[in-house]
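Asks: Supplied in structure tokens, the structure appears directly below.
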Amino acid sequence: MTAEHFPVTELAKDLISRPSVTPLDEGCQTLMAERLSAIGFNIEPMIFEDTTNMWARRGNQGPVFCFAGHTDVVPTGDISRWHTPPFEPTIIDGYLYGRGAADMKGSLAAMIVATERFVTKHPDHQGSIAFLITSDEEGPFINGTTRVIDTLEARNEKITWALVGEPSSTLKLGDVVKNGRRGSLTGNLTIKGIQGHVAYPHLADNPIHKAAPFLAELSQMHWDNGNEFFPPTSMQIANIHGGTGASNVIPGALEVMFNFRYSTEVTAEILIERVEALLKAHELDYDISWIFNGLPFLTGEGPLLDATRYAIHQVTGYDTSPQTTGGTSDGRFIAPTGAKVLELGPVNATIHKVNECVKVDDLEQLALCYEVILEQLLC
């Protein structure tokens with residue numbers, strides 16, 4: 001059997017062929033549910049608003065090992081820039097091309113095949129295996145994993161370990177696993193002024209001029225030094241808008257959006273307090289609202305990290321590097337329940353880009369890694 005026809009590749013191609021742009025699922029979870037049901041999983045669809053979710057579980061006892069992931073993908077972008085149609089999975093020179101190949105339908109296929117192999121070899125395994133799958137990870141993340149977790153928490157159903165299939169690898173499969181993520185906090189700020197004619201500035205109040213010293217100081221503030229697990233907290237101004245577009249009108253307001261990626265050395269409350277103190281110090285007339293996108297989390301030494309390190313070394317021959325860099329994932333909704341969370345998936349070089357692709361051999365190796373992790377934890 002060639003790599004192109006490995007079971008993982010075949011399932012990945014089937015999933016990629018379904019144009020499941022957020023929040024659509026397009027039957028991906030039904031396909032996965034059929035495979036899981038055949039090996040003894042209880043399937044529980046959870047539909048919230050426009051989002052399709054699935055909680056699948058095999059076993060009634062703890063510990064509970066959970067594969068977590070998403071069937072939705074980001075939009076394709078300019079289709080004319082793709083080598084092949086993004087929803088017609090194609091293998092070229094050992095790489096599988098298609099939207100979602102790396103983020104994260106390749107991982108989903110590897111999870112399913114690894115679980116099938118594990119259950120066949122170990123039908124009486126310890127504990128339980130679960131799948132938490134959503135179609136709302138790439139979007140507003142309102143009705144996806146967070147709603148499933150709320151449902152599980154309400155009935156006191158706990159996850160012990162969660163392995164998220166996000167594309168964690170950097171240069172080669174398994175060189176990096178994510179054992180934590182920074183917190184994310186967004187501020188939406190409006191600086192108020194008085195609109196007027198640029199020739200009569202004494203009759204107006206320019207909010208851009210008023211805000212400039214504040215923004216300069218905000219961008220230079222030192223928030224913390226980070227620690228051995230997290231880099232220092234960073235703040236980036238993401239959007240600024242003011243004015244009507246005309247050159248002869250002083251704007252009446254300036255809108256600024258900024259985002260913190262913060263370590264465990266500070267809290268969202270501390271960041272908010274410092275920003276609002278700075279606003280008051282500059283005597284600005286403002287409105288501000290805050291969006292909490294997720295708390296920081298960290299999975300330290302223990303069975304999940306040990307099993308993952310062992311699996312990657314056994315399959316690839318090299319050691320992995322646990323890191324907390326990068327963006328957020330749905331792991332941030334699982335970790336607050338007390339679960340230990342790691343992310344392990346394909347190389348992330350092409351995610352969200354045109355011509356997204358994954359190495360075919362990597363998908364088979366990823367499935368082997370997942371299978372060894374299951375053996376280490378549930379045998």
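Using N, Cα and C of the backbone, Cβ positions are placed for all residues, glycine too.
OK, Swiss-Prot features for this one:
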type	residues	note
BINDING	His70, Asp103, Glu166	Zn(2+) 1 binding site
ACT_SITE	Asp72	active site
BINDING	Asp103, Glu138, His352	Zn(2+) 2 binding site
ACT_SITE	Glu137	active site, proton acceptor
Asks: Around the Zn(2+) 2 site formed by Asp103, Glu138, His352, list the extra residues of the same chain whose Cβ is within 8 Å of the site's Cβ centroid.
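Replies: My list of surrounding residues reads Val73, Val74, Gly100, Met104, Ile351.
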Asks: In the same chain, outside His70, Asp103, Glu166, whose C-beta lies within 8 angstroms of the Cβ mean position for the Zn(2+) 1 site?
Replies: Gly69, Met104, Ser107, Glu137, Glu138, Val164, Gly165, Pro167, Ser329, Gly345, Ile351
Asks: So of all those recorded positions, Glu137, Glu138, His352, which one's Cα sits nearest to His70 (Zn(2+) 1 binding site)?
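Replies: Of all the candidates listed, Glu137 is nearest in space.
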Asks: If we count other C-beta atoms within 10 Å, could you say which of the binding-site residues His70, His352 has the fewest?
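Replies: Each of the binding-site residues His70, His352 was scored by Cβ atoms within 10 Å; lowest is His352.
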Asks: Please give me the recorded positions out of Asp103, Glu137, Glu138, Glu166, His352 that lie within 10 Å of the residue listed as 'active site', comparing Cα atoms only.
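Replies: The recorded positions close to the residue listed as 'active site' (Cα within 10 Å), listed in sequence order, are Asp103, Glu137, Glu138.
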Asks: List nothing but the one residue from Asp103, Glu137, Glu138 whose Cβ has the fewest other Cβ atoms within 10 Å; the candidates are the recorded positions.
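Replies: Counting other Cβ atoms within 10 Å of each of the recorded positions Asp103, Glu137, Glu138, the minimum falls on Glu138.
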Asks: Taking His352 (Zn(2+) 2 binding site) as the reference, which of Asp103, Glu137, Glu166 (the recorded positions) have a CA within 10 A of its CA?
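Replies: Among Asp103, Glu137, Glu166, the ones whose Cα sits within 10 Å of that of His352 (Zn(2+) 2 binding site) are Asp103.
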Asks: Measuring Cα to Cα, tell me the gap between Glu138 (Zn(2+) 2 binding site) and Asp103 (Zn(2+) 1 binding site) in whole angstrom.
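Replies: Their Cα atoms are separated by 10 Å.
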